[in-house]
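Enquirer: So that we are looking at the same thing, I have put the structure below in structure tokens.
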Amino acid sequence: MPLSINRVLCTLTVLILWQAEELVEACSCAPVHPQQAFCDADVVIRAKVVGKKEVDTGNKIYGNPITSIQYDVKQIKMYKGPDQDIEEIFTAPFSAVCGVTLDTSGKEYLISGKMEAGGKMHVTLCDYITPWESMSPTQKKSLTQRYQMGCDCKIVRCRSLPCAISAPEECLWTDLMMEKQVYGRQANHYACVKRADSSCSWYRGMAPPTKEFLDIEDP
């Protein structure tokens, strides 16, 4: 009998450790170019985070409550989204399930996320969320027009060398391979813009692309 109990306890311990490991590895996000994050998001805002609390958002099976973290924000500007201001942002309570941790002392962020039923904005670790002060001038300017101009394009991350695009509407993102950092020059200073011939190409500069750039044809 003691041997059987020990085996049961051992089995339970293994299961608990396996589930804990599975939970830790549950949130995995591939790097995304800021423009692609903008295009994929339902909502993109600049906001100050001013408060935080845990809230019940529903019931699981057997009546166990589902909790989320609610961040209270003061929206400064909306770049993409609904007509009304965003006042609360919701996220999962733990990073293991992609919950986001934000500074609630009035820090300004660029926040992208999804709009759920009922008009609630939900964010995860896979969304593009970054302190406003860390963004380059080109990124900030691109939020108002350039990123939107490129939403018909697709930014493809170079995973290993050699790499190449597979379609003319793609732009190859090589920061990680060429500069050994995820957010290098292409992320900080370039946008992938659609041209007159329906192909897409990297464009650098704070101003919107000129007609000459849009009309140019590759040799």
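Quick reminder: no glycine exception, Cβ is built from N, Cα and C everywhere.
Pulled these features from TrEMBL for this protein:
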type	residues	note
BINDING	CYS27	Zn(2+) binding site
DISULFID	CYS27-CYS98	disulfide bond
DISULFID	CYS29-CYS126	disulfide bond
DISULFID	CYS39-CYS151	disulfide bond
DISULFID	CYS153-CYS200	disulfide bond
DISULFID	CYS158-CYS163	disulfide bond
DISULFID	CYS171-CYS192	disulfide bond
DOMAIN	27-151	domain 'NTR'
SIGNAL	1-26	signal peptide
Enquirer: In Å, rounded, how far does the Cα of CYS98 (disulfide bond) sit from the Cα of CYS27 (Zn(2+) binding site)?
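Expert: Counting only the Cα atoms, the answer is 5 Å.
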Enquirer: Going by C-alpha positions, which of the recorded positions (CYS27, CYS126, CYS158, CYS163, CYS200) is nearest CYS151 (disulfide bond)?
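Expert: For CYS151 (disulfide bond), the spatially nearest of the recorded positions is CYS200.
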Enquirer: Using a 10 Å radius around each Cβ and counting other Cβ atoms from all shown chains, which of the recorded positions CYS27, CYS163 yields the largest count?
Expert: CYS27
Enquirer: What's the CA-CA gap between CYS163 (disulfide bond) and the residue listed as 'Zn(2+) binding site' in angstrom, rounded?
Expert: 27
Enquirer: Got a sec? Which of these disulfide-bonded residues, CYS29, CYS126, CYS158, CYS171, CYS192, has the most Cβ atoms within 10 Å?
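Expert: Counting every other Cβ within 10 Å of each candidate, the maximum falls on CYS192.
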Enquirer: Within a 10 Å radius of its Cβ, which of these disulfide-bonded residues (CYS151, CYS200) has the fewest neighbouring Cβ atoms?
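Expert: Ranked by other Cβ atoms within 10 Å, the disulfide-bonded residues CYS151, CYS200 bottom out at CYS151.
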Enquirer: To which of the disulfide-bonded residues CYS39, CYS98, CYS153 does the lowest count of other Cβ atoms within 10 Å belong?
Expert: CYS98
Enquirer: On a C-alpha basis, identify the one among CYS27, CYS29, CYS39, CYS200 that is nearest to CYS171 (disulfide bond); the candidates are the recorded positions.
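Expert: Going through CYS27, CYS29, CYS39, CYS200 one by one, the Cα closest to that of CYS171 (disulfide bond) is CYS200.
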Enquirer: Taking each of CYS27, CYS29, CYS126, CYS192 in turn, which of these recorded positions have a Cα lying within 10 angstroms of the Cα of CYS153 (disulfide bond)?
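Expert: For CYS153 (disulfide bond), the recorded positions whose Cα atoms are within 10 Å come to CYS192.
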Enquirer: Using C-alpha atoms only, work out the spacing between CYS158 (disulfide bond) and CYS192 (disulfide bond) and round it to an integer in Å.
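Expert: Cα-Cα, rounded: 15 Å.
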Enquirer: Please identify, among the recorded positions CYS27, CYS29, CYS39, CYS126, the one with the smallest Cα-Cα distance to CYS192 (disulfide bond).
Expert: CYS39
Enquirer: Rounded to a whole number, how many Å is the Cα of CYS126 (disulfide bond) away from the Cα of CYS27 (Zn(2+) binding site)?
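Expert: Answer for this pair: 8 Å between alpha carbons.
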Enquirer: Compared by Cα position, which of the recorded positions CYS27, CYS29, CYS39 is the closest one to CYS200 (disulfide bond)?
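Expert: So, spelling it out, the nearest of the recorded positions is CYS39.
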